[in-house]
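Q: What TrEMBL records for this protein is below:
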type: TRANSMEM; residues: 6-25; note: transmembrane segment
type: DOMAIN; residues: 163-257; note: domain 'Copper amine oxidase N3-terminal'
type: ACT_SITE; residues: Asp376; note: active site, proton acceptor
type: MOD_RES; residues: Tyr461; note: 2',4',5'-topaquinone
type: ACT_SITE; residues: Tyr461; note: active site, schiff-base intermediate with substrate
Amino acid sequence: MNPKLPYVLLAGAAVIIFILSCMLLSRGRRSPSCESQPSTVEKTGSVSQSLVFADLTPEEMAQVVRYLQGNLGVQLVDASRAKPSDNCIASVDLQVPAKAEVLRFLDGGGARPAREALAVLYFGNQPEPNVTEYVVGPLPTLAYHRDVTVQKYGGKVPYHRRPTLGSEYKQVAAFLETVAFAAAPSFLQEVLEYDSTSVAFQTTAPHGFQSGDRKSWFILFQNVSGFFLHPVGLEVLVDHSSLDVSQWAVSRVFYNGQYYRDMVQLESAYVQGRISVEKVRKAPRDGDFSSMKPRAPSAALFPLQYEPQGPRYSVRKNLVLFQAWSFAFGMSVSTGLRLFDIRHKGERVAYEMSVQEALSVYGSNCPGGMSTRYMDGSFGLGRYTSPLVRGVDCPYLATYLDVHYLANSQVPRITKNALCIFEQNLGSPLRRHYSNLQSLYYGGLVNSALVVRSIATVGNYDYVWDFIFYQNGAIEGKVQATGYPSSSFLHGDGLRYGNRLWEHTLGMIRTHSFNYKLDLDVGGLKNSLVAHDMAFEMTRAPWSPEQQIERPRLTKKVLDTEDQAAFRLQSKMPRYIYFAANSKNKWGHQRGYRIQITSFAGDHIPEASSMERAISWARYQLAVTRRKEEEPTSTSIYNQNDPWTPTVAFADFINNETITNEDLVAWITTGFLHIPHSEDIPNTVTVGNSVGFLLRPYNYYDLDPSIYSHDGVFFTSEQDFMACEINPLACLPKTASCLPNFPPFTYDGF
């Protein structure tokens, strides 16, 4: 044996080990972290201008509170602990300046409008209690307050119309626990196993049958997770109309299909054995079937989306820039998410796009359910905007923004991560074509859009509000409903009003209606409303006169008046209806933006109803009116508690005025009928419960503006489609092989 052979083998083995080690190390090396590239966002907006729409800061809210405390000459109690007989500040919000003032500032080089706040005050400690609205300004140096109540509403707002404060609900709960329930100890203990922590209440609205009423049904549920699905069969009608809490009383009691004068009569009937008892099995604290805790362990991670070269949009204070889009955003305490000064390619398309109201009308054979017509703006779609969970409510790497508000307290509050903004690859082409006839090529564009989102949780329901901006100049407004279905106690003929969801749980039938305001300025301030549609016409074939051809032709009509532009909910509406500008595109057509509505709305409440005028906006799937500064919203926060004499009746907006070449507003109603079913347990899903509208360019441009997108892909059979300069998709292994920087998960919602 060659004595050198072992050394040669050892050396060879060392080389092999070294090579294998290098291979393993190179395979195990982490990809580099993604780094942001210089932004390609078009600079089409000004932060200094967008701030005219900015929400009040906490410091500004506190300034307004201090000013009111020192200048009204009355004692103001903190709304969080106020009694009905007290004076308090119910809310403070931005007073959006008049449109004419804003446009002079934005477009005409005029002075910046004064920055003002709108304060809503409850005056319960007065000879004539009332609700008063003050405009307070100018910020930051406050010097005046103007009572604008009569100017806005034509008179004082009666005190009974005030939205119910959280403190009043707490006082009603205390009344029930300490006064009302004390009259029925045997029934509550033996039937409901009641103690002060075992039940949860859900209130109903409106509060009665006529102006001045403040009588509310309080429905009792087991106090467990998802309590909305655990009714116990007891509902109590409380008259809390008196400003003296000691005068509150029980007006009626309902249990398992029977009505009683009060809790004393219920107790008497129970003790004497004259009551039909339906004892509900006590649920565990996690709610059992109503728990949202997953029933399966975690497994492979769901797909995630990231931006390999950083965000392609920017958020600067309240201004968002994305490709050719720019807009300002804000959050109203009552109506929620709203956008202003929306521009595409530098040209204003809309002055305002905002949510107005979310309405739900319930049916049941229980009193609480059958009398419920929730107008969620009264409770506060902005106030109840909930903290978003990163990675579920929005993509993990979205931009999250906090919202500050002042309502039901004299101290500003913050909702962390209340808004999210993100660009989303929708997983389908915005447009594409594959050609295998004559020339051979492929051309396409990924459908990547910018989403602005908030989620309002009002009681049992969660509403996901989106505004979506597409590369072709289209805007989508969308709402998705989820959360818990509210329920009634199942008894008697309950199945006429919904489906059985659990042993004693009736999923009540209900309609959901959502109203939007679209103040469009298409190609300028003045627009007209035009309808295009189709009709078949019969003609003889010119080349064969004995033959008949049915061909569709275009129909055109200018809608001259508000009455012509008010389309009832279930009526036929022109399929192409658009705001037309006073300018034309290259091909001689009026430039326009088309309104396209997606809705599965249930029927509107009969107009003979005594409360219908308060929600008369829901009569119409679309109504276009002249814009008026004195008609800023389609409803009022005061309509919920006095729908019989509505503070704002939208039907009055429609009075046959001409709408040709005027500043116009489109009011859109969309919605769906919800008949809860077993798959709504434990929770309603968003799939199938999504409605909204689209604004689409209609001859507004000379061609599709998305052809100028940097995301386009095109190659022919004669090109090297593996070359990066020809096809950017070929570069993905290089340009998108980085690891995203995921920030630590945090949540400040509790």
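The count begins at 1 with the first shown residue.
The backbone N, Cα and C atoms fix where each Cβ goes, and this holds for glycine too.
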Q: Could you measure between the residue listed as 'active site, proton acceptor' and Tyr461 (2',4',5'-topaquinone) for me? Cα positions, answer in whole angstrom.
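A: Computed Cα spacing between the residue listed as 'active site, proton acceptor' and Tyr461 (2',4',5'-topaquinone) is 10 Å.
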Q: Counting only residues 6+ away in sequence within the same chain, which have a CB under 8 Å from the CB of Tyr461 (2',4',5'-topaquinone)?
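A: Listed in sequence order, they are Ser360, Asp376, Ala481, Thr482, Gly483, Tyr484, Ser486.
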Q: Can you tell me the mean pLDDT for the domain 'Copper amine oxidase N3-terminal' (163-257)?
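A: When the pLDDT values over the domain 'Copper amine oxidase N3-terminal' (163-257) are averaged, the result is 97.
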